[in-house]
Structures are given as structure tokens and as C-alpha cells.
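Taken verbatim from TrEMBL:
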- 18-36: transmembrane segment (TRANSMEM)
- 20-145: domain 'EamA' (DOMAIN)
- 42-62: transmembrane segment (TRANSMEM)
- 74-97: transmembrane segment (TRANSMEM)
- 103-123: transmembrane segment (TRANSMEM)
- 130-147: transmembrane segment (TRANSMEM)
- 153-172: transmembrane segment (TRANSMEM)
- 153-286: domain 'EamA' (DOMAIN)
- 179-201: transmembrane segment (TRANSMEM)
- 213-232: transmembrane segment (TRANSMEM)
- 244-263: transmembrane segment (TRANSMEM)
- 269-287: transmembrane segment (TRANSMEM)
Amino acid sequence: MRPAGPGNPLRRPKPLRMLWITFAWGSCFLAINIGLEDAPVLWFAALRALLAGGALLAVAGLRRAPMPRGRRTWLLITVLGVVNVSVAFGAMFGGLVGLSTGAASVLANAQPLLIVLPAWWIYKERISPRTLAAVGVGFAGLLAVAAPGGAGTGAWLSLTSALAITAGTLISRQLKSNVLPVIGWHFVVGGVVLALAAWLTEGAPAINWSARFVAILLYVSLVGTAAAFLAWFTEVQHCRLDTLSAWTFLVPVFGILLSILILGEPQTFWSMAGMGLVVLSMVFLTAPGKRSVQAPQ
């Protein structure tokens, strides 16, 4: 990784890369919702993480990428694995049990609203009036989606996932090692913690290894996790966190559209209005501004 700095200024996220990342993540909500018919929540989440981590480490080995070194680096990888994988994945999968695919994808992707103040406080990324307005519009959209269903367990779990992913994004900016093995190991660490939690709470894995489940597991692990997160953390090192995170507002848009097209999930006026507001807030945050993008000092 070559994080942004005085000699390596921040840039805007690459649109095509961000479009496929957000589509992959949005489609994961649909795939996970279907896959939960064949596997328990935590075991499914653990398998996703372990398979993704194993695939990334295999690629790192083939490329002879240098492995992470140093106590501080491994401490950050461990913390990142627990927060960004164990907590985020566990809460995300659990949230889908209590919510529709669309609602879960909206609440679990509140990161753009949650990262603005920490990015300003930790990395000195200045907050513009337009950013504050976008945060307000996006928050209103989340309320519109979540309010009709009440603050149930599914909603709280999805928001917990969003908080964990936000923390993971902030932590990952601190890592200086090669991105490929770092991301691979953090998935392995998080997956092991999830597997231990699954064994303690769900017992031995009772999984229906149907062709459908295997296909879903491979998709969410290799495409929606290994490839998408590798691209995401690469962008984290080079972009403003508020502008980058704003792209994740597209995740619930893809999630809702796919749930309508494939699952036929009915949508209320409030859910559609909320989706419109989060898209509008993303437009506010990503529209070109007059101020040039500078790296934090």
C-alpha cells in the first residue's frame, strides 16, 4: 500500500471500479438471503470470510507478495479482522434474518453518514457544507426505510454492521503493508473468530451443501468479498474517505432493485422514497466541486 500523503495526494474514486464494487456488494445481500435457507447465520458468515481469505492468500503466494511483518501490523490486522469481518459479517447476516433484503442493504450501508466526523477528526479531511447537507439527506433516507419496520433486532444488527465497516475503513488507512496479504489475513482472522462463535452458539455446522448453496458461497466469497474488498481497500489508501464511502449508497440501490427483480419483494412508498433520498445524497457528495482534493497533512 502507498497511502496518501504530502507527496501522494488524494484522488477521486475510480467510477467504473466503484460501480462494480457496489454492484457486487448489493448482489451479495440477495445471494446471502437465499443462502441462509441452507446454512446457519454465523457458519455461513464464517465460510464466506475463510474462503475469501484463503483465496487472497493463495494469490499472494503465487505473486510472492511479502507477508505482513511487525507486531503493530499484526495487531492492526487482528483488530481489523475482528471488527470488519467478525462483527460486520455476523451482524450483516443476522440483520437479513429480520429484515427484507432491501431494508437490510440500506441500513448496513450507512457508512457514508458515519464516517464523515471520524475522517475529519482522525485524518483532518475537511467537511464542506455540501457534505453536511448530503449527510442530512442520507440520514433522512435511512429513517424512511427503517421507520416503518420499527427498531427491531434486524435493524439494530444491520446498523451495527455499518458501524463495524466504518471502523474497519478507518483502521485500514493505518496499514502500510502490501494490500493483498493484509486483506487475506484479516479475513482469515475474522473467519476463525466467527467459526468459534458459530460453534459456541449454533453447534456443529448443519449445512445443506446443495449446488445452489455452493454456487452462492463461491460468489459471495470470491467475487463479493475477496475481489471487491481488495479493490475497496486499494481505493481507501488513495481517496478521501467521505467521497469514497458515498459510493456505498449505491449498494442498497442495487440490493433493492435485485430483490424486486428476482425475489419479487414488495416495496412501500417509504422504502422507495428512502432509496431516492440516499441516491440524492450520493449525488451531492460525488458531484465535482471547486475545491481541489488534497491529502491530509
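Each residue, glycine too, has its Cβ placed from N, Cα and C.
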Annotated stretches the transmembrane segment (18-36) and the transmembrane segment (179-201) touching (3 or more Cβ pairs under 8 Å): no
Most Cβ pairs under 8 Å with the transmembrane segment (179-201), selected from 74-97, 130-147, 153-172, 213-232, 269-287: 74-97
Range from 130-147, 153-172, 213-232, 244-263, 269-287 with the greatest count of C-beta pairs under 8 A to the transmembrane segment (74-97): 153-172
Whether the transmembrane segment (244-263) meets the transmembrane segment (269-287): three or more C-beta pairs under 8 angstroms: yes
Contact between the transmembrane segment (213-232) and the transmembrane segment (42-62) (at least 3 Cβ pairs under 8 Å, separation 6+): yes
Leading contact stretch, 42-62, 130-147, 153-172 vs the transmembrane segment (269-287) - CB distance under 8 Å: 130-147
Three-state composition of the domain 'EamA' (153-286), taking helix and strand from DSSP: 111 helix, 1 strand, 22 coil
Residue counts (helix, strand, coil, in that order) that DSSP gives for the domain 'EamA' (20-145): 102 helix, 0 strand, 24 coil
